[in-house]
């Protein structure tokens, strides 16, 4: 039993050198710069391509997106809008992002915001209620 255990320990200690695993400081002697440490056996590979930070890459992506948006949102090539960009009094303003045509009117909603229309609201603090 003891001989089997000693034999297995010797084999485990002798296995890494036979497989070519280099242990110790010897492989690190030829490394002078950090970019040589990645793959010293391949001189073409280095960390130069990996040195870009994520902030630089994110900035490049944002610049590309901004250029693409500038091309899409060119004001000369934009389609003409409809002439009416407001909601008249007593017309539905439900789900619309345009204001009421009358500056004294607001979008008034009833029945749990299911029915909305432009309406003049008269209050004492509202300057439009006097007219």
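Placed from the backbone N, Cα and C atoms, the Cβ positions cover glycine too.
Residues or ranges marked as signal peptide in Swiss-Prot (evidence: sequence analysis): 1-20.
For 86-101 (among others), the entry in Swiss-Prot reads disulfide bond. Secondary structure at residue 86 (disulfide bond), taken from DSSP and collapsed to helix, strand or coil, is coil.
What Swiss-Prot lists as domain 'Agouti' is 86-128, and the listing cites sequence analysis.
Among the features that Swiss-Prot reports, disulfide bond is placed at 93-107 (among others). Within the same chain, residues at least 6 positions away in sequence whose Cβ sits under 8 Å from that of residue 107 (disulfide bond) are 87, 93, 99, 100, 116, 117, 118, 119.
For 100-118 (among others), the entry in Swiss-Prot reads disulfide bond.
In the three-state DSSP classification, residue 104 (disulfide bond) falls within coil. Taken from Swiss-Prot, the feature disulfide bond covers 104-128 (among others).
According to Swiss-Prot, the feature disulfide bond maps to 109-116 (among others), an assignment based on similarity to another entry. Listed in sequence order, the residues of the same chain lying 6 or more apart from residue 109 (disulfide bond) and placing their CB within less than 8 Å of its CB are 94, 115, 116. A strand conformation is recorded for residue 109 (disulfide bond) in the three-state DSSP classification.
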Under 8 Å by Cβ from residue 86 (disulfide bond), same chain, sequence gap 6 or more: 98, 99, 100, 101
Listed disulfide-bonded residues (100, 101), ranked by Cβ neighbours within 10 Å, top entry: 100
